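Participant: In case it's useful when we look at the structure, here is the feature table from Swiss-Prot:
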ACT_SITE  ASP89  active site, proton acceptor
BINDING   GLU8, ASP57  Mg(2+) 2 binding site
BINDING   LYS16, ARG30, TYR42, TYR126  substrate binding site
BINDING   ASP52, ASP57, ASP89  Mg(2+) 1 binding site
BINDING   ASP84, ASP89  Mg(2+) 3 binding site
Amino acid sequence: MEFDVTIEIPKGSRNKYEVDHETGRIRLDRRLFTSTAYPTDYGFVENTLGEDGDPLDALVILDEPTFPGCLIRCRAIGMFRMTDEAGGDDKLLCVPSTDPRVEHLRDIHHVSEFDRLEIQHFFEVYKDLEPGKSVEGADWVGRTEAEAEIERSYKRFKDQGGH
């Protein structure tokens, strides 16, 4: 399964950018309150709706960071199940579908334990100093469950009147 991911935040950034879905422009939401930086490029899957009412979040493993607004054709290799103050907030873990350097990454167990722990740690602490915000990490699931969530998110989007 391949899909498009729109990047909002490049790897290494402490700025949290979001696409304004009404104007199509990129807005600086905030600088992270903690001293952590995004461990991968971060964005969303086009034409989806996650459990939190926003497009489904996606992390993209790349050697070099891209830029806000960059569109990348991806495939999922797993998903980090988590919740925040608004409810379910799952994060897909993806790789560019045309990059031969990541061809060996086909499922979550192909990602090193340390890399998974680094991503998990980021999401467990990145909101720590923000008033009224909270995060609860859960666990990693594999490609099959990630792809099932993508399908559910496409359906939620369509059921809400998306095209």
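Yeah, the Cβs are placed from backbone N, Cα and C, and that goes for glycine too.
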Participant: Tell me the Cα distance separating LYS16 (substrate binding site) from ASP57 (Mg(2+) 2 binding site), rounded to the nearest angstrom.
Facilitator: 13
Participant: Around the substrate site formed by LYS16, ARG30, TYR42, TYR126, which additional residues qualify by having Cβ within 8 Å of the site's Cβ center?
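Facilitator: The surrounding set, listed in chain order, is ILE9, SER13, ARG14, ASN15, ASP29, LEU32, TYR38.
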Participant: The residue listed as 'active site, proton acceptor': which of the binding-site residues LYS16, ARG30, TYR42, ASP52, TYR126 have a C-alpha within 10 angstroms of it?
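Facilitator: Of LYS16, ARG30, TYR42, ASP52, TYR126, within range: ASP52.
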Participant: Determine, using Cα-Cα distances only, which of these binding-site residues is closest to TYR42 (substrate binding site): GLU8, ASP52, ASP84.
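Facilitator: Smallest Cα separation from TYR42 (substrate binding site) among GLU8, ASP52, ASP84: GLU8.
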Participant: At the level of the C-alpha atoms, what whole-angstrom distance separates ARG30 (substrate binding site) and GLU8 (Mg(2+) 2 binding site)?
Facilitator: 13
Participant: I'm trying to understand the geometry here, so how far is the Cα atom of TYR126 (substrate binding site) from the Cα atom of ASP84 (Mg(2+) 3 binding site), in Å to the nearest whole number?
Facilitator: 11
Participant: Quick check: in three-state DSSP terms, what is LYS16 (substrate binding site)?
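Facilitator: It is in a strand.
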Participant: Where GLU8 (Mg(2+) 2 binding site) and LYS16 (substrate binding site) are concerned, what is their Cα separation in Å, rounded?
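Facilitator: Cα to Cα, GLU8 (Mg(2+) 2 binding site) and LYS16 (substrate binding site) are separated by 8 Å.
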Participant: To the nearest Å, how far is the Cα of ASP52 (Mg(2+) 1 binding site) from the Cα of ASP84 (Mg(2+) 3 binding site)?
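Facilitator: Cα-Cα, rounded: 9 Å.
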Participant: Can you grab the distance from ASP84 (Mg(2+) 3 binding site) over to LYS16 (substrate binding site)? Cα atoms, rounded to a whole Å.
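Facilitator: Rounded to a whole number, the Cα-Cα distance is 16 Å.
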